Amino acid sequence: MSKRKDIQKIMVIGSGPIIIGQAAEFDYAGTQACLALKEEGYKVILVNSNPATIMTDKEIADKVYIEPLTLEFVNRIIRKERPDAILPTLGGQTGLNMAMALSKAGILDDLEIELLGTKLSAIDQAEDRDLFKQLMQELDQPIPESTIVKTVDEAVTFARDIGYPVIVRPAFTLGGTGGGICSSEEELCEITENGLKLSPVTQCLIERSIAGFKEIEYEVMRDSADNALVVCNMENFDPVGIHTGDSIVFAPTQTLSDIENQMLRDASLKIIRALKIEGGCNVQLALDPYSFKYYVIEVNPRVSRSSALASKATGYPIAKLAAKIAVGLTLDEMTNPITGTTYAMFEPALDYVVAKIPRFPFDKFEHGERQLGTQMKATGEVMAIGRNLEESLLKACRSLEIGVCHNEMTSLSNISDEELVTKVIKAQDDRLFYLSEAIRRGYSIEELESLTKIDLFFLDKLLHIVEIEQELQMHVDHLESLKKAKRYGFSDQKIAEIWQKDESDIRAMRHSHSLYPVYKMVDTCAAEFDAKTPYFYSTYELENESVQSNKESILVLGSGPIRIGQGVEFDYATVHSVKAIQKAGYEAIIMNSNPETVSTDFSVSDKLYFEPLTFEDVMNVIDLEQPKGVIVQFGGQTAINLAQSLSDAGVTILGTQVEDLDRAEDRDLFEKALKELGIPQPQGQTATNEEEALEAAKKIGFPVLVRPSYVLGGRAMEIVENKEDLREYIRTAVKASPEHPILVDSYIFGKECEVDAISDGKSVLIPGIMEHIERAGVHSGDSMAVYPPQQLSKQIQETIAEYTKRLAIGLNCIGMMNVQFVIKNEQVYVIEVNPRASRTVPFLSKVTGIPMAQIATKLILGQTLKDLGYEDGLYPQSQLVHIKAPVFSFTKLAQVDSLLGPEMKSTGEVMGSDTSLEKALYKAFEANNSHLSEFGQIVFTIADDSKAEALSLARRFKAIGYQIMATQGTAAYFAEQGLSACLVGKIGDAANDIPTLVRHGHVQAIVNTVGIKRTADKDGQMIRSSAIEQGVPLFTALDTAKAMLTVLESRCFNIEAI
């Protein structure tokens, strides 16, 4: 069957901001799909609220709308554009839920719009727990005993019948949100109550727990002619009970017999056929390790995180082909883009092992609940490819960027056996390292298997790694041992550690014996056919398949796994940089380790190396490719941190030079540079120990801002008000980077703004100034930003532009630079300079129309701004107002305080644009899910230093019809000033405290501030948690509340008696 001619215009729904459970994999899927549909001649309309994506670039679709993904706005766009069809399956859970909402509102029927890919009935059957159960029974597919409940009492009754433990799964939620394993009635009541609230249809599935079974996933495709195939099967290292997004995963499956594989494969194909899905689908199954008994856990009737992993693991472009299937093409008439000769109907075969390890945010959230369960907590993931499991696992470990180069954390050697066993049983994000430590201590793999239910096969591989470590210890400088260790994925750094040498000694020894890695191609067919793809991984074998071309090449380093502080924005810059390199006539090579992103799509670059971003792995690629140079500006802190060691090894770093990078990062050098350039900065000093820090604070005067140098995303940054707090900070936080000193700065509580600039060394283009809504003290990544600035005088803007220019030229910046300023009493101070692409590049590129990363790359390659037709200085402002607003994932992270401060906590961003500030703010709040009713009750619980400011806000809220509620101290202050407020009870006062009022739906918003120090108190944290759990808008900075008030006031009519 060929493609459909009866539809011309297709709307694609994106997945919105990055949150835990829904990350960059949907940017990858959406980009692929839009391009595939355009390739087939359809007109594509894209709607997505996330500006930090490649998908929302103008050239990806015919029309791109960056608007809130709410029924109100999507409906408007549909009525304006009148698409013939909508493709919702590439927008994750957001896309599916939007399709359901459009259907329920009657919009699809009313406008005669068809849903492509997955029919509504299939979404319903896969997502609605009751219908899913019925379908499985019809297909004779086993599922765990379960019941659907709409109340907590129903859950309790069922659990009493079948016994504990049970699993709670809310319907229509993402990444296991609201679910969990319950081993007691108390846990069941709590989790079910929460789950029912989070489910849009107030429905939960309560099922018998099959924790301990093997968790297996099949990624399947089907077309309209009922052809179906398995693209990839994957096996979780962790048994059932831990969300697959938080599990280590291997592809292909490692421990299944042929019979088991065929049995589960048949089940998966039977399910996709019954659902009549046209496109991709993910089936999760649980297999009893001791029999042929299995259960179907769940089905995702859409492209998912696992399909991004499967695409990268096999090279088979699932999203691209799913989009083409949705418009009627069939698997037997499309060629596989990797080989160019075989058809898409040909199931991929792998002659290597792929390992995926999740990346968790607990380096940022030290107090977060780290125990893993059915609710996802990872922000991103890394993938590595090897010829054996050990090699791929160890490569993945060193890709994580958590300070390890092996499956070993040195700090664990000091813990007691008792703690070790507890951590092995109760899985946390770092269980792999505890398991490996247990094996090093001599625990048998049989003991560990009975404690963890992890398959002996996997534990035996961990044992094998430890045996190689022991062999290396016994045979120092032994060539055969070195060869063996390299074959199984050991890094030079680890071997050096064991042999008590420097990493450079191991590298020299390898080179003297011509022991280099070779690069193998990912070709989907286990080398059975010729492949055309330039997609490679390293291994220690004989035949090298990556041939150096005659063209001069440039290597771009990616940004590794997505984590808080380093998100998809850096991938955006990487992809744009590659486009510019190709346009300039060079071969563009990408090196990255993140399977979710667009940059690791093999069609983006001329060559892709899927490798860890470590000195050794990067140097190996450089030794083979001999590029003209390496670009480190677009890979965030990951790439910048490699610049020095690469430069020391004689590699050409293109763009800003290492010594200039150092002048921006090193405190003393930076201060000196600012003095020379005549640019003011907050008074500050460097300290290497407690005494120096106290001395510095005394000299500067409290409050001071303290932080380690060389960090990203405000890691371990705090505002301290007195000596005791400073001592406490130094004892707990300074370990963030021991060889670098800490910085002690005068804390200026003023207006913040930031600038991204592009420099060729002589001229500087400043696309725009972004003004932060929150004052200093909230991390720039967590602030709402406005462009163009609304409250900065022309003079201040000119000063900012002038300082930016001086900095760019004075620091010899070639390419990108980001500068942050604080303004107090009309005086502009520089807070920090980052001589690299920052997280605001995609936003600013979109709103100004300047392709910043591409221009920066052209300058890095030797062109000037004048050559490119750009003037020196501040670019003319946009006529519209644009807001960038942060998005948080607190619902997924128990015990992480949602109080905003100098350490970054947001996982993603949205954008709102319109003709006025109020309209743009309204869109931004709608897009990040902070919908506030026109009237209701608002609670104020305010620190002393901001009560006066809060009073004027409370008066304005009252004027538009809100009832003001307040805690004791705040209510008393308001009353003194003539504003009466309803008193709420102290925490623990069961009937009237804030958490209880919130739970019963009596509170529409909470304003809660904690004073300049921004540290959490227990009561405050309970209040904030209750707001997060119940989805009540919470403002921990008065500026954000003021912005929301501006929106509400603009939507109110003036009602006054005459």
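From the backbone N, Cα and C atoms, a Cβ is placed for every residue, glycine too.
Of the residues E692, E721, E832, Swiss-Prot puts just one in the ATP 2 site with R707, S746, I748, E752, G777, V778, H779, S780, Q820: E832. Taking Cα separation as the measure, I748 (ATP 2 binding site) is nearest to E832 of the binding-site residues E215, E298, E832. For Q820 (ATP 2 binding site), the same-chain residues 6+ apart in sequence whose C-beta sits under 8 angstroms from its C-beta are E752, C753, E754, S780, V830, I831, E832, V833. Ranked by Cβ neighbours within 10 A across all protein chains shown, the binding-site residues I242, I748 are led by I242. G777 (ATP 2 binding site) has I242 as its nearest neighbour among the binding-site residues R208, E215, I242, E298, N300, going by CA to CA distance. On the backbone, the CA of E298 (Mg(2+) 1 binding site) and the CA of E215 (ATP 1 binding site) stand 11 Å apart. Annotation for Q284 (ATP 1 binding site): same-chain Cβ neighbours under 8 Å, separated by at least 6 residues, are E215, I216, E217, T244, V296, I297, E298, V299, N300. Cα-Cα distance from I242 (ATP 1 binding site) to R707 (ATP 2 binding site): 35 Å (rounded to the nearest whole number). Under DSSP, residues within the region 'Oligomerization domain' (402-546) fall into helix, strand and coil as 78 helix, 11 strand, 56 coil.
Residue annotation for ATP 2 gives R707, S746, I748, E752, G777, V778, H779, S780, Q820, E832. The furthest Cα pair among them is separated by 18 Å. The DSSP secondary structure for I748 (ATP 2 binding site) is coil. Compared over the binding-site residues E215, E298, E832, the count of CB atoms lying within 10 A of a residue's CB peaks at E215. The two recorded residues R208 (ATP 1 binding site) and R707 (ATP 2 binding site) have their Cα atoms spaced 48 Å from each other.
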